[in-house]
C-alpha cells in the first residue's frame, strides 16, 4: 500500500430524524467515517461511557468512495437504534468511535504532512429533550383554547344579560311601589 495515501478518517454522527421518531417511536443515529486510507478500521458505539452492541448495524466492510480509482479513500457507516424516550433524555451521551490502523512508529514517513498513526477518532452527540409539542399537538391545543375561550365568553355574556334583567326588574318594582 502506498504510504503517501495513508490518511485517518473524518468521523461525524448524525442525529435521528424527528419524522422517524414520530412515526416509529424509535431513533436511529448514524455514524459516518469517511476519507480514510487504507480500509483498516474498526467502528464501535458507546453510550454513557459503555460500549454497546444491541441496536447496532454496521456496513459489512468499508466502501471505496471512488470505485474506479486504485487509491480511492474509503467510507464506512453504522447505525445505532434506540427508543425515542432514550434519545429524548439529554443526559444520554452517544459516541461513535473509529479505530484507525495507520502507521506505526517504525514506519518511515518523509512527506510534508503529519504522520497518520494508529489512533481512535470519535464523534459524539447528546440526547435531545422532547418538549412534547409537535405541530399537531400545538394546533389541537390552540383549537381547545379557542373553544374554551368562546364558552367562557358566552357564559359571561349570559350572566351579564341575566344580571341586567334582574336589575331592570328590581328598578321596575321599585317604581311601582
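The backbone N, Cα and C atoms fix where each Cβ goes, and this holds for glycine too.
Annotated features in Swiss-Prot:
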type: DISULFID; residues: 31-96; note: disulfide bond
type: CARBOHYD; residues: 5; note: N-linked glycosylation site
type: CARBOHYD; residues: 22; note: N-linked glycosylation site
type: REGION; residues: 1-150; note: region 'C region'
type: TOPO_DOM; residues: 169-177; note: topological domain 'Cytoplasmic'
type: TRANSMEM; residues: 146-168; note: transmembrane segment
Q.
Should anything in the same chain at least six residues away from the transmembrane segment (146-168) have a Cβ under 8 Å from its Cβ atoms, list it; otherwise answer none.
A. none
Q. Considering only the recorded positions 5, 31, 96, which residue has the minimal Cα-Cα separation from residue 22 (N-linked glycosylation site)?
A. 31
(Q) Restricting to the region 'C region' (1-150), what is the model's mean pLDDT? (A) 89
**Q.** Other CB atoms within 10 A, centred on residue 31 (disulfide bond)
**A.** 27
Q: In whole Å, note down how far the CA of residue 31 (disulfide bond) lies from the CA of residue 5 (N-linked glycosylation site).
A: 23
Q | All-chain count of other Cβ atoms within 10 Å of residue 96 (disulfide bond) | A | 26
Q: Could you tally the C-beta atoms, other than its own, that fall within 10 angstroms of the C-beta of residue 22 (N-linked glycosylation site)?
A: 12
Q: Across all the protein chains here, work out how many other Cβ atoms are within 10 Å of the Cβ of residue 5 (N-linked glycosylation site).
A: 13
Q. How would DSSP class residue 5 (N-linked glycosylation site) in three states?
A. helix
**Q.** the topological domain 'Cytoplasmic' (169-177) - residue tally per DSSP class, helix then strand then coil
**A.** 8 helix, 0 strand, 1 coil
